[in-house]
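Undergrad: Starting off with a structure, shown below.
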Amino acid sequence: MGVDIRHNKDRKVRRKEPKSQDIYLRLLVKLYRFLARRTNSTFNQVVLKRLFMSRTNRPPLSLSRMIRKMKLPGRENKTAVVVGTITDDVRILEVPKLKVCALRVSSRARSRILKAGGKILTFDQLALESPKGRGTVLLSGPRKGREVYRHFGKAPGTPHSHTKPYVRSKGRKFERARGRRASRGYKN
């Protein structure tokens, strides 16, 4: 008698809809589902996929990073599209005129973009303006920017590991003995 095929790993794990029950997000999903199906543009498919993503996979994009990315050659007069939040950066003094589209824009970032003569679109306005994503630049925030990523990687204490250990506090008595001081065994 043959062994039956194992079906336990058959399922493809990817989101087919957003986890959130936010009705406005669901409406955007409806709109971009239609656009992704009816247009042959990859832009709409990428936006749809990103609308499904979790909060940690939609990290906020700072104003400074957006300005830096939009200054690159060939990106003049294009719309910056962010499936996520745009936040303010106080380190930036001059904000150029920008045209942006995002799910959310923090209040200070909003006032600074508009003060510079820029324009802020929502995704439904973007769908009317460029249904195929023409004249847009898709941007996203740094996914590995969260503090938790510092704890990932090679175990702390092993050679060439720069992983942050989970320590109660950073005092003299905490993870400062063997392997950290030459007087206590060895130091690496």
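Glycine residues also receive a Cβ, built from the backbone N, Cα and C atoms like all the rest.
Annotations for this protein, taken from Swiss-Prot, read as follows:
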CROSSLNK  Lys119  SUMO2 cross-link
MOD_RES   Ser130  phosphoserine
REGION    150-188  region 'Disordered'
MOD_RES   Thr158  phosphothreonine
COMPBIAS  161-171  compositional bias 'Basic residues'
CROSSLNK  Lys164  SUMO2 cross-link
COMPBIAS  178-188  compositional bias 'Basic residues'
Undergrad: Within a 10 Å radius around the Cβ, which one of these modified residues has the most neighbouring Cβ atoms: Ser130, Thr158?
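TA: Compared across Ser130, Thr158, the most Cβ atoms within 10 Å surround Ser130.
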Undergrad: What recorded positions in the list Lys119, Thr158, Lys164 lie within 10 angstroms of Ser130 (phosphoserine), counting C-alpha atoms?
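TA: Those close enough: none at all.
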Undergrad: Could you round the CA separation between Lys119 (SUMO2 cross-link) and Lys164 (SUMO2 cross-link) to a whole angstrom and send it over?
TA: 41
Undergrad: Is Lys119 (SUMO2 cross-link) helix, strand or coil when read with DSSP?
TA: strand
Undergrad: How many of the residues that make up the compositional bias 'Basic residues' (178-188) does DSSP mark as helix, as strand and as coil?
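TA: Summed by class, the stretch gives 0 helix, 3 strand, 8 coil.
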Undergrad: Compile a sequence-ordered list of residues in the same chain as Lys164 (SUMO2 cross-link), six or more apart from it, whose Cβ lies below 8 A from its Cβ; state 'none' when nothing qualifies.
TA: Arg150, His151, Pro156
Undergrad: What is the total of other Cβ atoms whose distance to the Cβ of Lys119 (SUMO2 cross-link) is within 10 Å?
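TA: For Lys119 (SUMO2 cross-link), the 10 Å Cβ neighbour count is 13.
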